[in-house]
């Protein structure tokens with residue numbers, strides 16, 4: 001019996017480019033394990049671990065997390081996923097992180113969401129959340145029924161510090177400075193596949209078609225345009 005090789009993929013794109021939405025669809029259709037640096041960081045910050053407290057001090061100032069902290073956090077989590085197809089979301093963000101990852105495993109493909117910064121600014125500054133549940137609203141595309149109020153609980157919505165305009169600009173500038181070299185790093189290796197657009201629903205069918213050449217669709221739903 002021939003065992004098919006495991007797929008090791010990375011998804012990249014600026015904060016607010018739709019990585020979370022696209023990742024969820026990839027997981028649904030292709031059954032890959034999803035490791036999000038943002039989710040992992042939030043979990044550590046909520047639990048007030050040593051790494052979590054340190055990471056929060058950087059995030060509060062709109063800065064990216066130092067390489068050594070992120071690399072240690074992510075590689076430790078990957079140890080438990082060695083028998084699965086997996087998708088990294090939000091890591092690596094620097095060439096140093098990419099090089100550290102290469103020493104541990106062979107990346108097969110890098111999906112780049114090429115979304116204009118102006119689109120992202122509008123998208124992020126319109127985002128409000130219900131803290132207790134994590135429900136996300138967008139004032140342009142998916143507003144609450146009553147402005148500033150969660151649809152289900154009636155509790156007030158808040159804007160995360162990192163969604164405020166001044167912080168969004170800082171984050172995008174930091175992303176541009178640190179992550180573009182990573183895209184070049186993977187482009188030179190022939191691993192980069194870029195998908196351009198301003199709407200996730202229009203980008204997604206192209207990503208689906210690309211991944212479907214590498215993995216079977218394991219979802220039960222048979223749709224003309226898989227979502």
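The backbone N, Cα and C atoms fix where each Cβ goes, glycine too.
Any TrEMBL annotation is an automated prediction that lacks curation.
Pulled from TrEMBL:
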- 16, 17, 18, 19, 20, 21, 127, 136, 137, 200: GTP binding site (BINDING)
- 36-65: region 'NMPbind' (REGION)
- 37, 42, 63, 64, 65, 90, 91, 92, 93, 97, 160, 171: AMP binding site (BINDING)
- 126-163: region 'LID' (REGION)
- 127-162: domain 'Adenylate kinase active site lid' (DOMAIN)
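Structure coloured by features recorded in TrEMBL.
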{"residue": "16", "record": "GTP binding site", "contacts (Cβ under 8 Å, 6+ apart)": "115, 120, 123, 124, 127, 168"}
{"residue": "18", "record": "GTP binding site", "contacts (Cβ under 8 Å, 6+ apart)": "113, 115, 200, 203"}
{"residue": "20", "record": "GTP binding site", "contacts (Cβ under 8 Å, 6+ apart)": "36, 38, 89"}
{"residue": "37", "record": "AMP binding site", "contacts (Cβ under 8 Å, 6+ apart)": "70, 73, 74, 88, 89, 90, 91, 93"}
{"residue": "63", "record": "AMP binding site", "contacts (Cβ under 8 Å, 6+ apart)": "170, 174"}
{"residue": "137", "record": "GTP binding site", "contacts (Cβ under 8 Å, 6+ apart)": "127, 128, 129, 130, 143, 144, 157"}
{"residue": "160", "record": "AMP binding site", "contacts (Cβ under 8 Å, 6+ apart)": "127, 129"}
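Around the Cβ of residue 91 (AMP binding site), the number of neighbouring Cβ atoms within 10 Å comes to 27. Non-local neighbours of the domain 'Adenylate kinase active site lid' (127-162) in the same chain are 15-16, 59-60, 62, 168, 171; each lies 6+ residues outside the stretch with a CB under 8 Å from one of its CB atoms. Non-local neighbours of the region 'NMPbind' (36-65) in the same chain are 20, 23, 72-74, 77, 88-91, 93-94, 161-162, 166-167, 170-171, 174-175, 178; each lies 6+ residues outside the stretch with a CB under 8 Å from one of its CB atoms.
Within 10 Å of the C-beta of residue 65 (AMP binding site) we count 23 further C-beta atoms, all protein chains included. Counted within 10 Å of its Cβ, the other Cβ atoms near residue 93 (AMP binding site) come to 19, all protein chains included. In the structure as shown, the Cβ atom of residue 127 (GTP binding site) sits within 10 Å of 20 other Cβ atoms. Mean pLDDT for the region 'NMPbind' (36-65) in the predicted structure: 87. Residues 37, 42, 63, 64, 65, 90, 91, 92, 93, 97, 160, 171 are recorded as binding AMP; their most distant pair of Cα atoms lies 27 Å apart. When the Cα positions of 16, 17, 18, 19, 20, 21, 127, 136, 137, 200 are compared pair by pair, the longest gap among these GTP-binding residues is 16 Å.
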